[in-house]
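**Q** Dropping a structure here in structure tokens format, bear with me for questions.
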């Protein structure tokens, strides 16, 4: 172990973040270089390289990012955030090449709703949320606000979207609930002029916007499920900013259904048109609230005498459907469609092969990650437990390999069996379920294992004994046979929910941590209580040191406790956090270092013997609910309440010192010949069984 005092605390850098905030409208963006995806992830912006799967991040926001945009040239990225009620929200402009902040301003209250760059990269237009309602024009070069005004009239709803024109850099469009307006920036007079689009009696809540390349036509999606086509009536000379004619409505279009008679052949998209794309050949790609993706073209028919306000003008050429509400549509290389959904998933779709090319590109949890588990001595895959699902991830590709779904219930704890042939999980419906890590098939289920929900689970090294903890405060011991699972003991001592159970290396003891302020050390052979640990806290986690001589605990009092397993006496207490409870702890295989994380959103790496911080990681946007040290000791995995999964690189100086295999073999041979005992040699192996090794090659079903 390291005995000298560390001189400084090192910053932990995330090597990857598994996540995508699909709730941000139009949050998924393709950079003009066609090689990078840009999307928000909590309070960071993720830059994802498509060819190599590498990620880099832009950090500077103090709260969740609510919108972003990329300039036409690709030289800049702008992002806006939401904030707590009564506080102002930042807008930050980033330089793409250096990944550095250019400027920032906080002129909007509570939330930045939408952003857009002017076509010449001179201005940034920002729209505030409901509590603000103003439009601000920011001069990027001068780093100052030029002008600003209220975005809507008092007789209409809120504006939710701004979109700039392609050739006229001083003109942009805003839209929202019953409002659609065209704005002009007067740089000399430092003011905005506005014209309302003449839509007659049409009342719609406008969503996604696309403008034709020559700025003639505006296509706007609506929450009513149709598409509004607007003639912008811009001056033919792009250098003249003035607009003499009023923008007018050309039509409100729905999808034509040839199977129905005229007058009833117009169909609208369910749950609204959330986003749309305008292709170079004039066709439209529509993303709807029910997950429908449609490639359509205009029929150019005469519908002046059509009885409804929405005309069946759009002819569907190709259609497919995905899970979730479509929130973003983007095109890569002109042939691949990328779709972002509110289920935090990114799909790719080839336009040439619309029906059978749909592929899940990126996914993540949508709810809190309650637990993380690695197979024994195998760091290439890990599993996460969350609401309705258990997922297995590859640490090399950072992609989902397998998803096990149990609808309407949440998995609170998971663990791999030592042989890697099963994943044992605890669920809030009181059932313990075991699945195969290759196919996700159910091996066995123990119903009514706990009457108020099962909160934690652990398994012995031979896989024959499972220990579970419940919300009602009982620890139960189960014998696992191939065809039957039987209860062999109920350990009653706690009167609060069991937060964690952990078995020592020798399978002789188990420690249970409870919210009632006690940890109990149980004899797993005799099924009796050995010692009780009391403290003025709600224990959230407890774990044995690898040799089994000490126990490390964490709880709501922000302290890390070292306890003797022999008699339950306190050895040391260390302040593990300054502002909130510690929700998760985990040691490396040698016990030299351990990780702690909690509500303060900070990941801390500790030297166990000295009890001091050696590294700190900052990046989570919400409370950290789970943390795990990889078996090889080279990285950490943490999960948060917003569903984000962070993979942190452990600095090389803190890696586990493993002897070379040749040296170990020679040492064992010399020791065996020196002792000349008649017993059999015991060889350790760090390789995982074939079952878990094959899991890294499994693709998502």
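Positions of Cβ are set from backbone N, Cα and C atoms, glycine also.
TrEMBL entries are annotated by machine, without manual review.
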**Q** Quick check on the annotations: TrEMBL lists region 'Disordered' for one of 618-659, 660-701. Which range is it?
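**A** It is 660-701 that TrEMBL annotates as region 'Disordered'.
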**Q** Within the same chain, where does the repeat 'WD' (447-481) have neighbours whose Cβ lies under 8 angstroms from its own Cβ atoms, ignoring anything closer than 6 residues to its ends? I mean 6 or more beyond.
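**A** Tertiary neighbours of the repeat 'WD' (447-481) are 412-415, 417-419, 421-422, 424-432, 487-503, 505, 507, 510, 512, 514, 516, 520, 522, 524, 527.
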**Q** Compute the average pLDDT of the predicted model within the repeat 'WD' (362-403).
**A** 94
